[in-house]
Every structure is written in structure tokens, then in C-alpha cells.
There are 2 protein chains.
Amino acid sequence: MENRIERIKTQLHSQSYKLTPQREATVRVLLEHEEDHLSAEDVYLLVKEKSPEIGLATVYRTLELLSELKVVDKINFGDGVSRYDLRKEGAEHFHHHLVCIECGTVQEIDEDLLGDVEKIVERDWQFKVKDHRLTFHGICSKCQKKSE
Amino acid sequence: MENRIERIKTQLHSQSYKLTPQREATVRVLLEHEEDHLSAEDVYLLVKEKSPEIGLATVYRTLELLSELKVVDKINFGDGVSRYDLRKEGAEHFHHHLVCIECGTVQEIDEDLLGDVEKIVERDWQFKVKDHRLTFHGICSKCQKKSE
DNA sequence: ATATATGCAAAATCTTTGCACTTCT
DNA sequence: AGAAGTGCAAAGATTTTGCATATAT
């Protein structure tokens, strides 16, 4: 945890950004909720618990900055809000998601499932892949059992 | 073209919706721009050219309705707007997209690239896949040539 | 010192809703 | 007639911006 913050600090400094207390508080919230998919508002409320003076605009600006640095990924599951998801350290690619259309749960898949598909895209479409977004919509195992 | 409108009409009627002139105008715009990824505003402006009396709210309501009927898919490429993409007739799954991070072009891939991946997800995560969203971000062939 | 960052409130965007009116069947 | 659909303007929701103040190196 402290290590990761340290590394993010270095990354910020290398581009002459600062790791202010507000930014650190935001990063900590993200680290403590790695499995969730928080909206800016969610992050704001959680940061506010420990640093009540923070403003929503700062959270937006911080998330935007972390996005640029590829520390977080901005995703959108189709409800009107952007969600922010911490990138696994060292992960070249964004992980995948399983969204349950019954209960709304979002599950993460860290495994790289797209290696072969990317090769096909690069070969057949001459498209140099840099990143991807893959989300499956369907019914999670719990909901399948429920409806039996 | 006329065939497709006829079939959409039938589909609407089967759930006691009507194909009003406004809805038909909207569908025609979508058919004429199958390769594009229009926002609600884009659709509105195009419909307005031929049916100036239409309102933006109606366009939103129509797109929402067509979305429910799975005639269009609502997608989001991360700029703050939803885009609407006509589903290929008979296509079980949503097609894929290649977004160029240099020029912003969006290319479509109709081929199903995810058959094997879906099998893995169903087997290893007990997740019943109903649909998917796959977007690659990278550099299109044109932009690759430009920067050589 | 000086560039960077913050908080607040205002503005900008995108989308949805209420309501009176119109249009189909 | 009655349900369904429309247009307009107002309201909601999310995100961005301007600006005066505060903070870090």
C-alpha cells in the first residue's frame, strides 16, 4: 500500500505534479476499494469521511490526472456515470468485466483473454492495439441459481 | 431498406408501439448512417433536415425504445456522450470497434472474435454470456503510415 | 518566488420528465 | 373514445471551468 503510493508519487513528480494531501487521500480510497467501480461522487463521499474539506471538483481533477497517468482507467457501464478503476500494477492491459443484467454486480477478470484476438486484429486490420475494453453482459452464477 | 423498416414496424406493433413518422424518420437516419456512431444530437440534427418539426426529446425517446427492442445498441467511447449503433440484422452479438487514439476514427468489426473467449468465461466463471462490448484502442493503419 | 493545486459556486453538457396537445386505431 | 406519442420548456444529473486563495518546492 505505502509502496504503491510512493510509486505514484514518483510518477507524479516525474511530470512535475505534486502528491498533495487531497490527491493522496483520493488514491488511498481507490486502493482501499480496488474491487469496486466507484463513480466520482462515490470517491468524493469516501474521501470526505477522512478529509472533509475536499471539494468534488478536486476529486474530478485528480481522477482525470490519474487517468492520464494510466494509474486508473475510466470506464462506463452505460448508466450515465463514469467509473474509475485502479489499474493493476504492471498490467499492460486493462482487465475485463462481467456485468450481471439481473443484479447489477460487476465482477473483474484479471486474466488476459484477448491475446489471440489482438493478434488477429493487428494482422487483419493493420491496427496497432494499445489497449482494450471488454465487458460481458449476462447472468452471474448466483442469479442463475436463484432462477432455477 | 424498405424491408428493414417494415420489419422494425412489425416488431414495434408486436409490442403495441407505433411506427410514427418521427420514429420512421429516425430509423431512416440510422439506416443511412449505419457505419457511423451518432450521438442523440447528431441523429436529431440529421432528422431535422427532413422533418424540421421533430423535437430532441422524441429522438431520445425513440433511441431508448429502439435500444430496448435491440434494434440499436447504445455505446459509449468515453467522451461524455452516448452513441447509437444499428445492430446488424440477425446478428446475435454486438459487433466490435477499433478506436484510433490519434485521429479518433472508429472502425467496425462484424466478425465474431469472441466465440472462444465466451466459452472460457462461461466455463471458468459460470457466467451466462448474453452480450458483450469489445473496443480496441490503438493506432489505425492510416495513422501508422503517417508517422513513418 | 513562482508554478501548481484547491474550494467554491457558476456554467456547461447531456438526458429525462411534466404537461397540454395531437395522432393513431 | 382511449391509448400512445409528441413538442416544448423546465428540471435533473454529471462534469467542467473561472477565479480568488492557499500550498509546495
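From the backbone N, Cα and C atoms, a Cβ is placed for every residue, glycine too.
Automatic prediction, not curation, is the source of TrEMBL annotations.
Note that the structure is a prediction, hence the values are computed from the model and not measured.
The following features are taken from TrEMBL:
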type	residues	note
BINDING	A:Cys100, A:Cys103, A:Cys140, A:Cys143	Zn(2+) binding site
BINDING	A:His132	Fe cation binding site
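All features noted in TrEMBL, drawn onto the structure.
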residue: A:Cys100; record: Zn(2+) binding site; DSSP (3 states): strand
residue: A:His132; record: Fe cation binding site; DSSP (3 states): strand
residue: A:Cys140; record: Zn(2+) binding site; DSSP (3 states): coil
Sorted by sequence, non-A:Cys100, A:Cys103, A:Cys140, A:Cys143 residues with Cβ within 8 Å of centre, Zn(2+): A:Ile101, A:Glu102, A:Gly104, A:Thr105, A:Ile139, A:Ser141, A:Lys142, A:Gln144
Which of A:Cys100, A:Cys103, A:Cys140, all binding-site residues, has a Cβ with the fewest other Cβ atoms inside 10 Å: A:Cys103
Short-range binding-site residues relative to chain B, from A:Cys103, A:His132, A:Cys140, with Cβ separation under 8 Å: A:His132, A:Cys140
Entry from the binding-site residues list A:His132, A:Cys143 having the most other CB atoms no farther than 10 A: A:His132
Inter-residue C-alpha distance, A:Cys103 (Zn(2+) binding site) and A:His132 (Fe cation binding site) (nearest angstrom): 25
Distance, the residue listed as 'Fe cation binding site' to A:Cys140 (Zn(2+) binding site) (CA atoms, angstrom): 22
Nearest-integer angstrom distance between the alpha carbons (Cα) of the residue listed as 'Fe cation binding site' and A:Cys100 (Zn(2+) binding site): 20
